[in-house]
Amino acid sequence: MLRIENLSAFYGEAQVLRDVSLEVSAGEVVTLVGRNGAGKSTLLRCVMGLHPGQRGTVELDGRDITRLPAHRRARLGLGWVPDDRGSYATLTVTENLTLPPTVGPDPWSLERVYEAFPALHTRRDSAATMLSGGEQQMLALARVLRMGARLLLCDEPTEGLSPLLVQQVGDLLREAKRHGVTVLLVEQNLHFATGVADRHYLLAEGRVAEAMDNSEVRSRERELLAYLGI
Amino acid sequence: MSGFAQNTFNGLVSGAFYALLALGLAVIFGMLRVVNFAHGAFYMLGAFGAYVLLTEAGVPFWAALLIMPVGLGLLGMALERAVIHRLTRLDPLYNFLLTFGLTLILQDLVKLRYGVQSSPYATPSLLSGSVNFGLFDFPTYRVFILGFAVLLCVAVWWVLTRTRIGMVVRASTERPDLTRAFGIDVGRWVTPVFGFGIGLAGLAGVLAAPMRAVNPLMGADLIIVVFAVVVIGGLGSIFGSVAAGFGIGLVQAWGEAYLSHFPIVSQTIVFVVMAGVLLWRPAGLFGREEAPA
């Protein structure tokens with residue numbers, strides 16, 4: 001579904017991604033793990049079309065989207081869950097949910113979102129930034145599900161969440177996967193990652209250092225945790 | 001008592017002009033991150049356009065009230081496409097140079113053709129005379145301006161807060177990159193929003209023609225106060241610009257009436273208020289600290 005070939009990215013003079021190539025098949029959940037600064041978020045931003053300084057190719061369903069602006073990519077079915085949760089202070093919770101157009105074959109209705117997230121329903125007319133951190137994370141996920149996005153790009157959706165909410169995020173991603181949604185996930189929580197994902201890429205200094213499956217991550221968990229510095 | 005009511009009323013009428021101009025500046029700044037120093041020149045063009053339409057083509061006030069905002073709005077859209085949009089990636093200094101340069105060009109073009117003396121513009125006959133609400137005689141035309149401006153501000157507020165277009169404009173204003181990532185072509189909204197802001201300035205100009213002297217510098221005199229209004233309300237805040245517009249109109253009118261023995265105070269009171277507000281709230285009364293893009 002998603003194919004990245006020889007992707008390099010720059011911040012001014014500094015190179016943060018070096019010839020990254022990877023693939024995500026339809027219906028897969030794939031994580032990117034790596035230390036802070038390894039280029040994980042930049043990789044997601046490149047796929048979304050939000051990073052100006054890049055070289056290489058990004059393909060979606062066999063179509064080269066490298067030159068497409070972000071809004072066109074979103075309309076092809078990319079759903080962006082930014083690391084800061086992307087809540088709009090000047091939009092209500094409902095408006096945050098309905099801002100993006102529906103782009104996929106199977107969008108959630110607003111009713112379904114509110115049924116799944118009663119807390120969002122209670123606060124539906126509040127400014128989104130008035131929600132708690134966990135609620136804002138749910139809002140960010142609910143938003144891309146309501147879009148009907150086919151490929152979710154999730155940047156650390158569990159960061160700063162309580163164990164209960166982490167589990168809820170996991171349930172959501174697994175449910176999305178059951179409905180055929182593909183997910184590319186930046187994640188530091190290895191336990192969470194092996195619980196939701198099929199495969200993992202370890203990024204180090206802007207390169208894909210290793211590709212691993214769940215059993216490999218589990219068996220090397222201590223070594224990886226030490227490497228990640230967690 | 002009637003003196004106070006009269007001063008208050010006059011303050012609100014000047015405030016109406018500040019509000020309309022500041023509202024245009026606010027939507028433009030929000031969407032483009034451009035401070036339009038040429039805003040006063042478009043206000044002047046609105047008034048001058050109405051004057052020229054009347055004296056050279058016999059076009060009445062009411063038609064000018066429609067023609068000038070639409071025409072200037074279109075001119076604004078053309079300018080945005082031609083030059084303004086280039087500012088987004090440049091140092092803010094170029095923003096000042098370009099829009100201030102435009103002001104000088106527009107002012108001098110009008111001066112070349114019509115000179116610097118003020119021209120009178122007759123109050124439309126429908127709105128001449130005065131109405132009495134009990135306290136004193138209100139000039140009908142000023143009552144009309146106040147009502148019209150309030151209605152317009154409410155309409156803009158309604159569009160911004162209650163419609164899908166307004167939601168897209170708010171989202172694009174707050175976080176343009178994020179909004180693009182949600183499938184919205186933010187760039188498509190920039191030109192119409194700029195045209196709309198310019199149209200509002202033109203409309204304020206037409207409204208001003210019958211009660212202010214129509215001359216090439218009328219915008220330059222007004223715009224200084226309008227910038228103080230925008231800073232007090234919070235740069236880019238729609239509600240703040242309107243509230244501060246009317247507020248500053250009142251402060252100015254009361255200052256001139258009750259502090260007239262201290263001309264230094266009454267002439268500078270707007271800027272004293274601005275300095276005070278900035279010390280207390282650096283982002284303005286209703287402004288927010290800039291969110292990361």
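Cβ coordinates are placed from backbone N, Cα and C, and glycine is handled just like the others.
Keep in mind that TrEMBL annotations are predicted by a computer and have not been checked by a curator.
Residues or ranges marked as transmembrane segment by TrEMBL: B:12-30 (among others). Listed by sequence, the residues of this chain that lie at least six past the ends of the transmembrane segment (B:12-30) yet keep a Cβ under 8 A from its Cβ atoms are 36, 39-40, 43, 142, 145-146, 148-150, 152-153, 156, 169, 173, 193-194, 196-201, 203-204, 207-208, 222-223, 225-227, 229-230, 233, 235-238, 240-242, 244-250, 252-253.
Annotation comment: TrEMBL describes B:60-80 (among others) as transmembrane segment.
Positions annotated as transmembrane segment by TrEMBL: B:92-110 (among others).
The feature transmembrane segment is assigned by TrEMBL to B:141-160 (among others).
What TrEMBL lists as transmembrane segment is B:189-210 (among others).
Under the heading transmembrane segment, TrEMBL lists B:222-251 (among others). Within the same chain, residues 8, 11-23, 25-27, 29-30, 35, 37, 39-40, 43, 153, 156-157, 160, 173, 269-271, 273-274, 277-278, 281, 283-288 sit at least 6 positions outside the transmembrane segment (B:222-251) and bring their C-beta atoms closer than 8 Å to a C-beta of that stretch.
For B:258-280 (among others), the entry in TrEMBL reads transmembrane segment. Away from its own ends, the transmembrane segment (B:258-280) comes close to residues 7, 225, 228, 231-232, 248, 251-252 of its chain (Cβ-Cβ under 8 Å, at least six residues beyond either end).
Of the ranges B:60-80, B:92-110, B:189-210, the one with the most Cβ pairs under 8 Å to the transmembrane segment (B:141-160) is B:189-210.
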